[in-house]
Amino acid sequence: MMFMPIKPKCWAWSAKRKSRCVWIATLTLTRKKRRGNMSCSRRNFLAGGGALIMTTGIAGTSMVTGRLAFAEEDKGQAIRYGMIHDETACIGCTACTDACREVNKVPEGVSRLEIIRSEPHGEYPNVDYRFTRKSCQHCENPPCVYVCPTGAAYKDEKTGIVDVHKEKCVGCGYCLAACPYQVRFFNPVDHSADKCNFCRDTNLAQGKLPACVESCPTKALIFGDLNDPQSDVNRVLAEKVYYRDKVHLGTKPKLFKIPHQKGEV
């Protein structure tokens, strides 16, 4: 899909495409110099009413075997949280989505994560399904952060978690349009952008694992520090075949998936 840009009154923007990727690689926002009132109010900003030019293509994946994720570590970052979804272990019970909603007070009608069920595989009565997680990828190079004109979307330098400053969000929708994974949404209660943040303000702040990980009955979700070679996530990634979605975009997602290995994949 394509979003035609309309410049907000108090911002000027320019985009440069550095490759033939299907999304805008960089976006630079600069404040216009003008006389009089220099404030960027919510009303003036929303008067722009548009988003960046954005095209989305087919999902791309890349299979990797036995490679430690900390090989890609950021030397200046102490912790870099990531998650694994084991599609073989997942039974599609959605206990994770229920736990997420309860712990993070997610309103009805929206969700920070989804478990997507595939079409049936096989013939009755031997029918099988595949399940995959859809949520924020916590990218190393997050497009949502690059396009946000107010600094509301950001990547935490201490943990690598991509999050939202609710008080800075003006509801422009730039981040929703820029996300190639389409996992952001507008929170109908506080009218700001929302998404998975690994329970950063709830469970993680209390020294616990994210709610989805705690609630999974089959241990299909694994969470930990990708910069620690001894962490559970790196131990599993070193032993299993895994993939990440749309790696060709250069986003470097930190949500890893172990493909379903029962019968056909």
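Cβ from N, Cα, C; glycine included.
TrEMBL: automatically predicted annotations, no manual curation.
Per TrEMBL, the feature domain '4Fe-4S ferredoxin-type' maps to 81-109, 123-158, 160-189.
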Helix, strand and coil counts within the domain '4Fe-4S ferredoxin-type' (160-189) (DSSP): 8 helix, 5 strand, 17 coil
If you average per-residue pLDDT over the domain '4Fe-4S ferredoxin-type' (81-109), what number do you get? 97
